[in-house]
Every structure is written in C-alpha cells, then in structure tokens.
Amino acid sequence: YLLIRFNMMLIDMFFLKFLLLLSGLTMFMAGISANYEFDLKKIIALSTLSQLGLMMSILSMGMSDLAFFHLLTHAMFKALLFMCAGVVIHMMMDIQDIRYMGGLSFYIPLTSLCLNISNLALCGLPFLAGFYSKDLILEMVSMSNLNLMIFFLYYLSTGLTMFYTIRLLFYLMINDYNLMVVYNLYDEDYIMLKSMFMLLFMSLSVGSFLSWMIFNYPYMIYLPFNLKMMVIYVVMMGLFLGYLISNMKIYSMNKFLMTYNLSNFLCLMWFMPNLSTYGLNIYFLKMGQSL
C-alpha cells in the first residue's frame, strides 16, 4: 500500500525495472512451490505470495490503480479462502496435510462451496471478482512493449494458479475421505458461515463494483483476438493439466522419483529458506544455545 501511495515518486527509476523482474520471478516461484506443497495453509500462503508478486509487478510498470484494484478484490476471496481453510483444519482436529482430507463436499457442503468459489475467483474464472482485476492486469501487460520473458512469466504464473487450485480441489473434494479414526466433521459452523457468506457475496460481486467505482478513466485495450483470449487459454490449459496431474497413481510415482532433485529444488522455493532463513539464523541460535 505504501508503494502504491509513493508510486509517483518511484516512477521511471531503474529500481522499478529490477522490481519487475524480481516480482515476476516471485510469482513464478510461489506458483511452482504451491504445486509441490501438501500443507493446506502453505498452499494458500504461497498463492498469496504469487498474487503479491502480481501486484508488485504491475506496480513496477507504473499502474498503481490496477495494483490497488487487485489488492482489494484479492482481499475478498483470500480472506474467505483462509476462513474456509481454518474451518477445515479445525474440523480435521488440527491436521493440515491435504492428503488426509478428501470428500469434504460430502460432509461440509457449505464450507466447500465457499472454498471452491473463492478458489475459482483466485484463478480468474470469468465474472468472479478476481477476473476483473487479473484480466485487466494481464491485458495491460500484453499491451506494454516488454520483452518475452516478462510476458511468459506472467502467463505461466496465471496457469500455475489454476494448476494448484485444481490440485487442491481434487485432494479436498473429489478424493475419498482418508481420516477414518478422528471423525469430527460436524455439520457446519454457523458463526463462521455468516461471515463466510458475506465474503462469498463480496467475492462474487466486488470485481464489477470496483471496476465501476475505482477507475475515473476507462482503460483502452486494443489487442488481437488470440491475445485477448490468452488469459482464458492459460486458465483452461492449467485446468486440464491440473486434472491430469491429480490423476497420479502409483505408476506415476517412479516418474516423480526420476526428477527427485528437481522436485526438491522447486519444493524448497529455489533453496530460498537455506539462503535467507535457516542458513543465516542457525549460527545465532547455536551461539545462544551454547550461551
């Protein structure tokens, strides 16, 4: 928000070009890591990181109103997503692993409804909240004369968003229920559901409302048809690929083990924890322990 406010000062600096590259890589890295993750909260947190990379990158292209628009729409469905995930984890007796869940739509239908709709709004499914901001951002990227790498980072990250959403949907809704012992799926939490349905309404309608209210001047977008439909194309491609990956059986596991080093590298966010967190603070922790 501070960067949005100070955007007029930062414009035409070299720092912003560096920020564009860095935030595009953040989007990409977070989208890949979310596909390898089995922790429900971590998947949602990584998708938040991906959306933050999207906001930062459109901010570094000098379109602060679009970044603010996406910030507001993203706030609606991501708050709903975190509330649903919290309810699900609470009902699972504090188990966060999505491999234990499955068939949740059979037991907690209303929470699953909120979860799925907010997830699809995150993907940018047309006429939900995320579509209006995300589609506008990607079309402005397509119109700006940037290089091919930024273009591919944007569209690949959008496809990856759909990818891990479909994976999450398969693990949570379509698989069989895997937690036979601590069976605690009571019907619904009505205190949570009141706020969740308000957020559900917001994440259905807030995109069109805000695009009507926030912009004092409409964006002129002039693109060829295939480039205009490119967002829909990558969403459909991510949907199909997520469906294929979620059908993994035991025969596919050895294919996974063949690329074990690559998967490890991608799962650990390009070894970022080792570079920034664990690799640094272990010395101070050891010193404190010996003291």
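Placement of Cβ uses the backbone N, Cα and C atoms for every residue, glycine included.
Note: TrEMBL annotation is automatic and uncurated.
Pulled from TrEMBL:
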- 1-153: domain 'NADH:quinone oxidoreductase/Mrp antiporter transmembrane' (DOMAIN)
- 6-31: transmembrane segment (TRANSMEM)
- 68-92: transmembrane segment (TRANSMEM)
- 104-132: transmembrane segment (TRANSMEM)
- 152-174: transmembrane segment (TRANSMEM)
- 164-290: domain 'NADH dehydrogenase subunit 5 C-terminal' (DOMAIN)
- 195-215: transmembrane segment (TRANSMEM)
- 221-245: transmembrane segment (TRANSMEM)
- 265-285: transmembrane segment (TRANSMEM)
Positions whose Cβ lies under 8 angstroms from the transmembrane segment (265-285), at least six residues beyond its ends:
29-30, 32-33, 35-37
Across the domain 'NADH dehydrogenase subunit 5 C-terminal' (164-290), average pLDDT on the 0 to 100 scale:
83
Mind tallying the domain 'NADH dehydrogenase subunit 5 C-terminal' (164-290) by DSSP state, helix then strand then coil?
91 helix, 0 strand, 36 coil
